[in-house]
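What TrEMBL shows for this protein is this:
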TRANSMEM  6-22  transmembrane segment
TRANSMEM  42-61  transmembrane segment
TRANSMEM  67-91  transmembrane segment
TRANSMEM  117-142  transmembrane segment
TRANSMEM  148-167  transmembrane segment
TRANSMEM  179-200  transmembrane segment
TRANSMEM  220-239  transmembrane segment
TRANSMEM  307-334  transmembrane segment
TRANSMEM  354-376  transmembrane segment
TRANSMEM  382-401  transmembrane segment
TRANSMEM  408-426  transmembrane segment
TRANSMEM  432-452  transmembrane segment
Amino acid sequence: MTSLDLIIVLFYFAMLIGVGVYSSKKIGNESDYLVAGRRLGYGLYVPAMTAVVLGGASTFGSTKLGYQYGISGLWLVGMIGLGILGMGIFFTKKLSKLSIFSVSELLGNRFGNSSRYISGLVMAVYDIMVAVTAVVAIGVMFSALFGWSSATAILVGGLIVVFYTMLGGMWAVTLTDVIQFWIMFIGLIGILIPVGIYHAGGTSGLVNQVSPEFLSLTNIGGKAIFAYFLLFFFGMMIGQDIWQRAFTAKDEKILRKGTIYAGVLCIIYGIAGAVIGMVASVVVPGLADPQQALPQLVIKILPTGLIGILVAAVSSAVMSTASGTIMASSTIIVNDFILFKSTKNRTEKEKIKLTRIVTLIVGCIAILISLVLQDIIVALDVAYAILSGSIFIPVIAALFWKRVSAKVALSSMVISAIVVIADLIIEGVSSLNAIIWGVVACAIVMGIGTLVQNKNTPVVEEVNKNI
């Protein structure tokens, strides 16, 4: 990478730090720090919601699958987009009426404190693990970019994200995500695809050089498509990082339409990633590691200056995920454990200070885990399986089924979590059946429990009046 490319990348990182400092001046209360004051319009909300879900896994994953399977590589990110669309269509009317900060707070208000703690623990661990994967990816990029050791790269890259997230809260995360959104879309769709297609011989040249299967939407296989549906569709609709962005919208109209727009943009991004992978299969064929399709294509076809923009674009994708999940985990810890259990009356400034401290600690924990834990995917898979298999149905019930009691909801969460963990032990952590059996067990316990319970069984109603 040339000096010009390096200057572009360093300028981008300096800009992120500057945004953190600027955003800190916009923080007046807890709502400003956690949900950007609940006052975002389309111009900020749509890019921020889109960027938080389009991380390094989405970017590298879609290009890798495009390299291997052609246009059907879109399904990984496509299911993420469909999950966001589903949330926009089915959840936003309810969410717009809730003055809460977390998914766990909803479950706690609706089903009692035990449900709040269990769901909060699962979500906090899950978000930390997602942050760890993002910090590791940042470290890999920084190591390749600057020639640093892996540990140094993780420390520097991780601390940049932690710094602006801690300082500016959701305002910093939102503003940096908007910047990252535009860099991602301009870099990958506006620059890399046109230049890549040109080097592949134009659209007709690309089509003629790939195998016919690469043009089929089902080439990746029905099993893989179903797997992506299980893994991403449900999780996107109940993720704390996603809900926390939803709570930043100014009103119901922006929340609903903006979330739907974000879902559509995610699908477009998935298509773009698959196309980039197809282009790479023609321009840089025979790669031993398909994960290298994107960086090798960038190095092969882009001139000085544009390489720096694309490096910034890929960094953007990863950093947006890291900042969003660090923020999500710290929000749950503060809102659903520390402040909820505390009897001390804190001022808004004290709450902000506390949340900043927790955000710093969570970020440092993510960095530390990135340095010492070799197989983070195991922890991530377990947390995600429990999240989707045990929390999805209770969230649906909290929003749409008022007769479910606290005891039934808690039982369904605990039993389904046991089922998920048992399946993971028996079939391995990569088992998709764990999510299926978890959802089925949760639905059965909740359905039967609600039908057989005494009609006079008390139902927690604190949230019901708002939904």
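Indices start at 1 and increase along the chain as displayed.
Note that Cβ sites are derived from N, Cα and C of the backbone, with glycine treated the same way.
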Per the 3+ Cβ pairs under 8 Å rule, pairs at least 6 apart in sequence, do the transmembrane segment (148-167) and the transmembrane segment (220-239) touch?
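Answer no, regions not in contact.
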Report yes or no: does the transmembrane segment (408-426) come within contact of the transmembrane segment (354-376), defined as 3 or more CB pairs under 8 Å with a sequence separation of 6 or more?
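No, the transmembrane segment (408-426) does not contact the transmembrane segment (354-376).
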Checking distant contacts: for the transmembrane segment (42-61), what same-chain residues at least six beyond its ends satisfy Cβ-Cβ under 8 A?
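Distant contacts of the transmembrane segment (42-61): 36, 76-77, 80, 84, 133-134, 137, 173-175, 177-178, 180-182, 184, 188, 236, 241-242, 245-246, 248-250, 254-255, 257-259, 261-262, 265-266, 269-270, 273, 291, 294, 314, 316-318, 320-322, 324.
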Mark yes when the transmembrane segment (117-142) and the transmembrane segment (6-22) have three or more Cβ pairs under 8 Å (sequence separation 6 or more) and no when they do not.
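Per Cβ check, the transmembrane segment (6-22) does not touch the transmembrane segment (117-142).
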Between the transmembrane segment (220-239) and the transmembrane segment (382-401), are there at least three Cβ pairs closer than 8 Å, leaving out pairs fewer than 6 positions apart?
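Since 3 or more Cβ pairs under 8 Å link them, the transmembrane segment (220-239) and the transmembrane segment (382-401) do come into contact.
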Who are the chain neighbours of the transmembrane segment (117-142) in space, where the CB to CB distance is under 8 Å and they lie at least 6 residues beyond its ends?
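Those are 55-57, 60, 102-104, 107-108, 148, 150-151, 153-154, 156-158, 161, 239-241, 311, 314-315, 318-319, 321-322, 325-326, 328-329, 332-333, 336-337, 362-363, 365-367, 369-370, 373, 376-377, 379-380, 383-384, 386-387, 390-391, 394, 410, 413-414, 417, in sequence order.
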Below 8 Å between Cβ atoms, which of the listed ranges 67-91, 179-200, 307-334, 354-376, 432-452 makes the most pairs with the transmembrane segment (382-401)?
432-452
As a test: from 67-91, 179-200, 354-376, pick the stretch that has the greatest number of Cβ pairs under 8 Å with the transmembrane segment (307-334).
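Most Cβ pairs under 8 Å with the transmembrane segment (307-334) come from 179-200.
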